[in-house]
Each structure stands twice: as C-alpha cells, then as structure tokens.
Amino acid sequence: MKDHSPEAPFRGITLLSDREIEAMRPACRLSSQLLDFLTPMVKPGVSTLELNDAAEEWTRKHGAVSAPLGYPGPEGAIAFPKSICTSINEVVCHGIPSKKDILQDGDIINIDVTPFYQGYHGDSSRTFMVGNVSPTARKLVEVTEKAMWKGIEAVKVGGRIGDIGAAIQEYAESEGFSVVRDFVGHGVHRIFHTEPQIPHYGVRGKGKKIRPGMVFTIEPMLNVGTYKVELQSDQWTAVTQDGELSAQFEHTLAVTKSGVEVLTCMPAAVAV
Ligand code: MF3
Ligand code: CO
Ligand code: CO
C-alpha cells in the first residue's frame, strides 16, 4: 500500500502482546476461509462483481466487515467502492470488481480480501489461474507464491526488514521476473495500513530491526516485464506500464519470540 493513507500520521511500530496476537487470529482465519470459499467460483464466465457480492455476503454472515469497502483513497480519489480487490492479468493490484470484468479461460486473477472482525484486520490474497493458462502465466504465479514464502522465511527476530525484500527480489529476478516497487507490505492490526512498510526488494541487513510483537503483511507483486506500474483514471487500478502480466500473493504474519507465525494460514484440518 502506498504511504498516502490517512493512517500514515500514526507513526511508530506498534508491538502487539501475545494476547493481542491471539485476538487477531479470528479475523485472519476469516480471510483464509473467505479465499477458500471464493475458490470454486473462480471459473470462466464469472464476473468480478459476482465474486465481490459473494464475498460481501459471506463476510456479513460471519459477523465481519469488508475493510476495503469505503477505504479512503489518496487526495482527490474516491473511497474504494467495493468489498474485495480483483486484479486480472496486467492489473497489479487494487482492481475494482465490475460486472463488465468477466473471467476468461487463460486469465490469472488476484483476489485480495481483508475482513475486519472483533477490532482486527486479516489481510490475505492469492492469484488464481482460470482454466488453461500460458506456461509463462503459470510460472509467474508459481514463482510469486514461492517468492512470498522466501520472504516469510527471511523473517527472523533480530534480523532486518531489508532481509525480507532481498530474499524476494533475489529469487524473483533469478527466475526472470521483476518486483513491483510502488506497493509494499505493511503493518496491520487494529489499523489496516500502518508502520512498518515492507518493501519486496532491497538489501540484506538494511532497514528496521525485526522484533517480537510486530505484525505485518508480505505481499509481493511480480511482473513478467518491467516493474513499473501506472494508475488508471479511477485512481485505484494499478496496471503494469508495459501491459505484461502481474501476480501477487499475501499473508499477514506475526513475529513471536520463537519466530514467525503466518496468521492467515489455516491450520491443517484434523480428520475425525
Ligand atoms: N488489501 C490490500 C492490501 O493488501 C489493500 C486494499 S485497500 C483497498 O494492502 F482500498 F484497495 F481495498
Ligand atoms: Co496488504
Ligand atoms: Co491485501
């Protein structure tokens, strides 16, 4: 998220207590369950508005609120008008669901959800392949997911924020993809977007120290061509400057004394 949100003046990194991290779990669990719920709908012929409306209904039914809906934009922009972000093909992030956007065989689509529940946000996204996608699209999606995990594995108490971006960038570029610079991971808890910013590129050993109690997202966007993006006239939809594909995955995670915990991952189901 760009550092233009009205929340930006609340400076400083909040360290959450174990109890507060506990209190975030339900919101984070909902974001994972919501993505699971939407997964079977992601098929050729469905509109992104249908995905949005299903997500909104599911979210309300679970007693939560869709944090993106009405989220304030930069100066002069409208508030975000829908409940989820749906970013197809060359859309990097913040695509606005629309009945005109109908999924087609071969598309890739990122769905980004953020339920707000019991005072906390759970922010997560996945990129889905619609039907048969090109080998390049498949590789981009697979490398992007793996890049997110490399970033998560680089989170170590006493390490630096720069370690995360370095791990992501090294891997992404070694696979021939570029890393978007204009949007970064972010602190997330009671506030949707706050300190620290987590770039998905950078230099090992640089940046703020990683401490227990930090809760933030890692949400790399990888492009087939240039890392440069531009905003469409709606002031939200970010697209690649060269029109090539972009993919993204996102988890919310907590740093604890013993390491890192991915809050938006469901624990493995227990068979009874
Ligand atoms: N969920 C997005 C993120 O990962 C933010 C969406 S803000 C919205 O940070 F207003 F575009 F919905
Ligand atoms: Co986020
Ligand atoms: Co998100």
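Even glycines carry a Cβ here, placed using N, Cα and C.
Curation plays no part in TrEMBL annotations; they are all automatic predictions.
From a predicted model like this one, the values you see are computed outputs, not experimental measurements.
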Additional site residue, Glu145, Glu153, Glu219 [criterion: listed by TrEMBL with Asp123, His186, Glu250 for divalent metal cation 2]: Glu219
Just to be sure I read the record right: Asp123, Glu250 are listed as binding divalent metal cation 1 in TrEMBL. Which of Asp112, Asp242 is listed for the same site? Asp112
So which binding-site residues out of His94, Asp123, His193 are up against ligand 3, CB under 6 A? Asp123
Which binding-site residues of His94, Asp123, Glu219 contact ligand 2 in the sense of C-beta under 6 Å? Asp123, Glu219
Give me the long-range Cβ neighbours of Asp112 (divalent metal cation 1 binding site): same chain, 6+ apart, Cβ under 8 Å, in sequence order. Pro68, Ile84, Cys85, Thr86, Ser87, Cys93, Asp123, Ser124, Ser125, Gln248, Glu250
